[in-house]
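A.B. asks: Input: one structure, supplied below.
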Amino acid sequence: MEKLVIQGGTRLSGEVSISGAKNAALPIILGAILAEDDVVIHNVPRLQDVETSFELLRQLGIPHTRDGEHSYVVRACKEHDHVAPYELVKTMRASVLVLGPLLTKCGHAEVSLPGGCAIGARPVDLHIEGLRQMGANIVVQNGYIKASVKGRLQGAHLLMDTVSVTGTENLMMAATLAQGVTVIENAAREPEVIDLAKFLITLGADIRGAGTDTIEIHGVERLHGGEYRVLPDRIETGTFLVAALASQGQIRCNNTDPKMLDAVLKKLTEAGAQITRGDNWIDLKSQGRARAVNIITAPHPAFPTDMQAQFTALNSIAEGTGFIRETIFENRFMHVPELLRMGANIDLEGNTAICKGVERLTGAQVMCTDLRASASLVIAGMVAEGVTEVERIYHIDRGYEQIEVKLQALGAQIQRAPMKASVE
Ligand SMILES: CC(=O)N[C@H]1[C@@H](OP(=O)(O)OP(=O)(O)OC[C@H]2O[C@@H](n3ccc(=O)[nH]c3=O)[C@H](O)[C@@H]2O)O[C@H](CO)[C@@H](O)[C@@H]1O
Ligand SMILES: C=C(OP(=O)(O)O)C(=O)O
């Protein structure tokens, strides 16, 4: 087990290169199951969740090779296994994304139910219901979703009760090889859904409307191989920008896409940052202490839930009072008790965190509970007085590539260190 040890008080400055997006890379890697020929994927971030996805493919009997630092070749094949076991699925919720591809390609899939996690219950009923409407027989037994279909899935008109990112992705992938036309209404419009659609189109899928709330998929008989580059990570970009503003610094994020970050850049500007953007870069310059902002999370293009924890840390040391209202997940404030231990002044009222900015936080030993909560604690540690030790950083390694190396290059004093074995 490792921890991050942070000496607070340095202003971030310099340039950082943004990695490929976790939430696009995972569906794309698992979507490669659909192809009958080799698939080459570039700009794949080096993350624990990516390792887990490739391990899942390997256990299904779909080999891959790494080709350079961030590129992989998936040797997709016609015949392979169709079981995604609990041991892997429990470590990564996105594993449920193998359900649609396996079922539509092989006619069978057994995928462990992912179960809840720190941020909420996260059911997958919409995935299951959509596949049933496409003709699948599905039972949930012994903790597994067991799905089968006679012949091909059938195109269907699917109206999603709630906007679901992986729900839309699973059903879109299933529909690529179904017979006839599938329409997904109330579809998620996240950039990562568009990226997956573009990837599938590269393999020969016929998908129209990705990025709108109605996606139409015309099923084809097979998908061939192809080559694709994963889009940049908008959440990693946003995290570095918040860290820079919190530290009253000045940074440039390279290899990103400002167009995906409108809601986040708007809030950073409201908080007092000076933002300049180009085609694939964003500059942030602090103008002094940040101002607290009000945030309500909602599906894209509104403010992303995956950025609220970072803004909670920013509000904690900003001037004035701001609220953060979480509308997507029922339990996504696990970072708040840890920020309180560092001296933040935050009241939790239902799904709203009201943050009254304090002049300074103080370093403390804190514990990660989930991925973005971890990012908020790292930001808090960088602006706190003294030393902060962030424990359970396996959460952060799920979604940030070499976060301490990138922050060190921006001047932060942050080290990865082994945890001492606990004494009984
Ligand atoms: C790998 C990946 O892309 N993860 C992202 C994805 O997660 P994920 O796709 O799991 O999140 P969803 O968009 O599905 O969840 C949105 C809401 O719908 C509910 N719901 C979802 C499915 C379902 O079958 N039934 C149901 O009720 C969820 O409990 C939640 O309240 O989108 C989230 C919301 O932007 C992000 O925080 C995650 O980073
Ligand atoms: C919640 C997240 O990821 P996942 O859906 O993989 O848990 C996230 O990226 O913030």
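Cβ atoms are placed via backbone N, Cα and C, with glycine included.
These figures come from a predicted structure and were not determined experimentally.
What TrEMBL records for this protein is below:
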- C117: active site, proton donor (ACT_SITE)
- K22, N23: phosphoenolpyruvate binding site (BINDING)
- R93, R122, P123, V124, D125, L126, D306, I328: UDP-N-acetyl-alpha-D-glucosamine binding site (BINDING)
- 6-407: domain 'Enolpyruvate transferase' (DOMAIN)
- C117: 2-(S-cysteinyl)pyruvic acid O-phosphothioketal (MOD_RES)
A.B. asks: Should we count any of the binding-site residues R93, P123, V124, D306 as near ligand 2, judged by a CB under 6 A from one of its atoms, and which?
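C.D. replies: Near the molecule: R93, D306.
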A.B. asks: Out of K22, C117, I328, which recorded positions have CB atoms lying under 6 Å from ligand 1?
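C.D. replies: So the answer is I328.
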A.B. asks: Just to be sure I understand the packing, how many Cβ atoms besides its own are within 10 Å of the Cβ of K22 (phosphoenolpyruvate binding site)?
C.D. replies: 26
A.B. asks: My understanding is the cutoff is Cβ-Cβ under 8 Å with a sequence separation of 6 or more in the same chain; which residues meet that for V124 (UDP-N-acetyl-alpha-D-glucosamine binding site)?
C.D. replies: V96, L113, P114, I145, T166, G167
A.B. asks: Look up D125 (UDP-N-acetyl-alpha-D-glucosamine binding site) in the DSSP assignment and reduce it to helix, strand or coil.
C.D. replies: helix
A.B. asks: Look up I328 (UDP-N-acetyl-alpha-D-glucosamine binding site) in the DSSP assignment and report helix, strand or coil.
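C.D. replies: Note: I328 (UDP-N-acetyl-alpha-D-glucosamine binding site) is coil by DSSP, not helix or strand.
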A.B. asks: Would you mind checking how many other C-beta atoms are within 10 angstroms of the C-beta on D306 (UDP-N-acetyl-alpha-D-glucosamine binding site)?
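C.D. replies: Around the Cβ of D306 (UDP-N-acetyl-alpha-D-glucosamine binding site), 25 other Cβ atoms lie within 10 Å.
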A.B. asks: Three states by DSSP: which one describes K22 (phosphoenolpyruvate binding site)?
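C.D. replies: Once the DSSP labels are grouped into three classes, K22 (phosphoenolpyruvate binding site) ends up as helix.
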A.B. asks: For R93 (UDP-N-acetyl-alpha-D-glucosamine binding site), just give me the three-state DSSP call.
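C.D. replies: R93 (UDP-N-acetyl-alpha-D-glucosamine binding site) sits in a helix per DSSP.
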A.B. asks: Across all chains shown, how many C-beta atoms besides its own are within 10 angstroms of the C-beta of P123 (UDP-N-acetyl-alpha-D-glucosamine binding site)?
C.D. replies: 15
A.B. asks: Want to know which recorded positions, from K22, N23, C117, are within 10 Å of R93 (UDP-N-acetyl-alpha-D-glucosamine binding site) at Cα; which are they?
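C.D. replies: Those close enough are C117.
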A.B. asks: Which residues, sitting 6 or more apart from the residue listed as 'active site, proton donor' on the same chain, put a CB under 8 Å from its CB?
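C.D. replies: Set apart from the residue listed as 'active site, proton donor' by at least 6 residues yet with Cβ under 8 Å, we have R93, D370.
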A.B. asks: Just to confirm: which same-chain residues, 6+ apart in sequence, have a Cβ under 8 Å from the Cβ of R122 (UDP-N-acetyl-alpha-D-glucosamine binding site)?
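C.D. replies: Non-local contacts for R122 (UDP-N-acetyl-alpha-D-glucosamine binding site): R93, P114, G116, F329.
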